[in-house]
């Protein structure tokens with residue numbers, strides 16, 4: 001029987017359907033090389049496992065019991081990688097096309113059909129708790145792509161694309177905040193990225209739970225048409241005894257994700273071109289200090305997160 005897989009790498013998807021169940025993982029890697037230019041020895045295929053362990057090169061594809069068009073994320077770099085790493089992101093990227101949300105907010109935040117969609121997510125979306133909520137803690141909701149991780153550049157491992165100070169930031173935040181990850185992708189990729197970054201099982205902090213694109217809703221905006229957003233009301237509805245508008249902050253590089261809860265959103269600078277910017281990006285380091293300051297407050301609703309740096313500077317100079 002033939003085997004068909006889709007390789008996700010460098011922001012692109014590559015279909016491979018020329019292999020059989022008798023072919024091996026190494027044969028798959030050779031096919032990937034012909035499409036991407038990444039040598040087999042430089043490829044790391046996330047989620048390709050046999051009996052819970054990464055599949056060796058000599059394992060037959062038939063033994064992996066892959067479903068048709070299984071998606072596999074690859075880490076790996078071409079020999080001439082820096083040319084690709086330094087290339088500008090595509091012009092249609094979400095970060096480029098993001099828009100200032102202020103003028104749209106009043107139109108969508110309290111619209112009845114949007115609140116009804118949130119109510120349906122509260123009722124139907126299944127949250128898989130990794131660790132129980134802690135009474136008295138605030139809530140920090142974090143995006144992944146371009147917030148914690150440069151997902152477009154190519155690299156050998158996720159650690160090369162990890163935003164500087166990530167683990168220090170999460171360790172510090174965990175002292176005052178329960179941490180939730182919310183990404184506009186599927187849970188399969190969220191799991192893979194968090195494991196690759198060493199977040200899932202880190203001994204210094206715990207993730208309360210993770211949300212995927214199925215927890216998002218679509219809203220109609222007057223100027224931009226239909227867009228997908230991350231409504232915090234889904235979390236507040238499911239965990240009303242722990243979290244609310246007064247104790248929640250959300251970091252995302254895409255402002256429109258805050259359309260249903262603009263007061264709680266902090267638009268983080270996107271982390272891109274990791275190989276160029278790794279040495280100078282201090283966003284998470286500074287934001288950990290901001291979180292320390294606002295954790296002293298009982299109510300975040302008087303804050304304007306757009307001016308978080310000004311607020312932090314003022315507090316540090318007192």
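In case you wondered, yes, glycine gets a Cβ from its N, Cα and C as well.
Residues or ranges marked as domain 'Ubiquitin-like' by Swiss-Prot: 3-81.
Positions annotated as domain 'FCP1 homology' by Swiss-Prot, on the basis of sequence analysis: 133-294. Each residue in the domain 'FCP1 homology' (133-294) has a pLDDT score, and their mean in this model is 90.
Under the heading Mg(2+) binding site, Swiss-Prot lists 143, 145, 253. Long-range Cβ neighbours of residue 143 (Mg(2+) binding site) (same chain, at least 6 residues apart, Cβ-Cβ under 8 Å): 182, 183, 184, 230, 250, 251, 252, 253, 254, 257, 268.
Within 8 Å of the Cβ centroid of the Mg(2+) site, not counting the listed residues 143, 145, 253, the chain contributes 144, 146, 147, 148, 183, 252, 254, 268, 270. DSSP gives residue 145 (Mg(2+) binding site) a strand state.
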